[in-house]
Each structure stands twice: as structure tokens, then as C-alpha cells.
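Undergrad: First the structure, which I've put down as C-alpha cells, then a few questions once you've had a look.
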Amino acid sequence: MIKVAAAGGGTGGHLYPLLAILETLAKRVDVKVLFFAVKGKIDERVVRKDHPEFETVSIDVRGLLRPLHHPKNLWRTLKIGIATIEVKKHLKRFKPDLVVLTGGYISGVVGLAAKDLGIPIFVHEQNVVPGLAVKVLSQYAKKVFVSFERTRDYLREWQDKIVVTGCPVRETEKEAPLKDFVLVLGGSLGSEAINELMEKVYPELQETQFVHSTGSDDWTERLSAFPNVTALTYIDPVGAYWKKAIASISRAGASTIAEMMYYGVPGILIPWESSAESHQLENALEAERLGYGIVIREKETSPRKIIESIDKVVKKGKIEKMKENPASKISEEILGEIM
Ligand SMILES: CC(=O)N[C@H]1[C@@H](OP(=O)(O)OP(=O)(O)OC[C@H]2O[C@@H](n3ccc(=O)[nH]c3=O)[C@H](O)[C@@H]2O)O[C@H](CO)[C@@H](O)[C@@H]1O
């Protein structure tokens, strides 16, 4: 049996790849998990629901605001200090064999505590451009798993630890009750901009079926008015729908792109350009370069442009599904180091 401490939350984009790794590890060996969730965020809710067997500890912490001299950061830094003491207490008691971290501020807190206690650290970066937590933790990690070859350019000092694996995707046995539709997703929190745009597109494309994750009950009600749209506030498990989709329209969060690639679904990517260091734009351009999508910059979107692009991606047709889930490679690498 191995004991794993894990963190990577705040958004679905950090959480789902982490769960994919833990679920794959558990298929190979007996695993006991201590999960550090961010209080009040998606990880707390999803992990308690899907993995009641994990020991889940909620940590009250928020990331630092930019610019770093923001006045609220004084209070946030204090909270990070308190959180670090709490995390260390749990790590000393649980005595994990390793920690797995997939980014976000909670990873930073858990990673630095694990480093002080000499616990082996494994990190995964989902995006082309690594986030602050992964940049800092790479120096202490045993292995740094990345989704894209291009990420090496941003972590030059740690080349020997980097393994390009792709971004893990959660598996599901479930199947959506529909088929041959275009899947429309914001990020894990929905996207107002995509909702507003698609509301203008739907009446023009009555022959095309859409499944749209809206992010709010109000939008679900509004978009359900279109007979060609199945509007859902949140799709869970989303893999059930990716399997049956012919194309997608989405933001360019790393997990959404990973799912397009894993299930072989071509899509239109509208990156959220206010993301830190425009990392969604970099993700989107990389996905386009690899043949998975058409990128439309947010300022250039219009219902007409979307209609023309949907036609192109649907005509492109499905791409071959990936044979191996990146979560398998990561699990093998971790077990190879630990066992
Ligand atoms: C706003 C923000 O900070 N976004 C970042 C966040 O991800 P964010 O959570 O916004 O976006 P991602 O695309 O990475 O992940 C969303 C996940 O939620 C799932 N989903 C979505 C809708 C739904 O109804 N059901 C469902 O399960 C998607 O399928 C996907 O697995 O972390 C990612 C990984 O570091 C980054 O690339 C994103 O830029």
C-alpha cells in the first residue's frame, strides 16, 4: 500500500487531471489518499462526492493578487503562513510516501510543506505556459510531468526531471443519451461570453444539434428555448458527452483541450485572454498547431464567424482517439520511482 498526499485545486482545470492520476494509481496499487482541498472551491465539493474514501482536509487559502504589492496580499500571505502550519501538521501525522501536485496556490502551500519534511514531490503542469506554483516547485520535485513539449522552454533548468506525458483525462464508463452533437463548454465555471455568443448562433443553425454547459440555471432556462439545444447547467461526467460529440466550441483551458485530444474531437477555441500570462491563448495556439482546432480571438468573434467555423470543424470530422491516457504514463513513472 502507498500513501499519497495530493493537492491541485481552485478550478476544475487543476482538479480533474489530479483525480485522473489518483484514480489510475488506485487501479494499479492499493492507495490511501490525503487530499488537500481549497475551502469553498470545486475541489472540496467534487472530491467529497466522488471519493468519500479519501481523507479530505479543507484549507482556507487564496492565491496572491497581481500585482504582488496589492494591499490585500498582506492578509493573504498571513493566511498562507497559517495554512502551511496546518498542512505540515497533517503531513506529519499521515506520513505520505509521496505528494502529487497539479498546480494552483494550494499546490504551492502543500509542496513547500512537503519539501521541508523531505517527502518526494511529483508535479504536473497542464498548460503550455507553467503557472507560478509549478515553476517554484519544479526545483524540489523528483519529476515534472508536462502536457506539451513546448513547456520545456519555460522550465529550462529542470530539463532532466521533465517527462512529456500529455494531460490526464478522467475516464468514465457512462455514455450520453444523445449523439452527433456539437459540445459547447465554458471552463469549469461556465462562460458568459460564450453563452451570449451562442444564443445568437442557435437560431441560425437549426439543423445542428448542440449540448451546451451553461454554468448557471438562468442560462440553462434561456438556452433551453431552442429546440436544437440541450442546455445543462453542469455536465458530469463530461467524458460521457465527449465520446459522442462530433465537434466542440470552448474556452482553451488545459483540461478541455486535453479532452478534445483524448477523445479526438476537433473544435473551435475561444481563449479567455485575461488568463494569467495569456496562457489560454498559448494552449489554444498549440492545439491548433497539433491539428485539433480553429482559434478565434475573443475580440474577433461574431455569430457569422462561428457559423462558418462550425461548418469547417464538423467537415474535418473526428480525429483518432488517443490510445493511452496520459494518466497511465504518469502512474508508471511515479510507481517506478517509489516502489
Ligand atoms: C478560469 C481559469 O482560471 N481557468 C484555468 C483553469 O481551468 P478551468 O477549470 O477554467 O478550465 P479547464 O478547461 O482546464 O477545465 C475545465 C474542466 O471542467 C470540465 N467541465 C466543464 C463544464 C462542465 O459542464 N463539466 C465539466 O466537467 C471540463 O470538461 C474540464 O475538464 O485551470 C486550467 C489548468 O491549469 C487553465 O488552463 C485554465 O485557464
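Note that Cβ sites are derived from N, Cα and C of the backbone, with glycine treated the same way.
The annotation domain 'Glycosyltransferase family 28 N-terminal' is assigned in TrEMBL to 4-145. If you look up TrEMBL, you'll see THR11, GLY12, GLY13, ASN127, ARG170, SER188, ILE235, GLN280 marked as UDP-N-acetyl-alpha-D-glucosamine binding site. Per TrEMBL, the feature domain 'Glycosyl transferase family 28 C-terminal' maps to 182-330.
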Undergrad: With DSSP as the yardstick, break the domain 'Glycosyltransferase family 28 N-terminal' (4-145) down into helix, strand and coil residue counts.
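TA: Tallying H, G and I as helix, E and B as strand, the rest coil: 66 helix, 29 strand, 47 coil.
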Undergrad: If you measure every Cα to Cα distance among THR11, GLY12, GLY13, ASN127, ARG170, SER188, ILE235, GLN280, the residues said to bind UDP-N-acetyl-alpha-D-glucosamine, what is the biggest one in Å?
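TA: Comparing all Cα pairs, the maximum is 22 Å.
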Undergrad: Can you tell which of THR11, ASN127, SER188, GLN280 has the least company, meaning the fewest other C-beta atoms within 10 angstroms of its C-beta, among these binding-site residues?
TA: THR11
Undergrad: Quick check on the domain 'Glycosyl transferase family 28 C-terminal' (182-330): DSSP residue counts for helix, strand, coil, in that order please.
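TA: Split into helix, strand and coil, the domain 'Glycosyl transferase family 28 C-terminal' (182-330) gives 70 helix, 26 strand, 53 coil.
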Undergrad: Counting other Cβ atoms within 10 Å of each residue's Cβ, which of the binding-site residues GLY12, GLY13 comes out lowest?
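TA: Looking at the binding-site residues GLY12, GLY13, the Cβ with the fewest others within 10 Å is that of GLY12.
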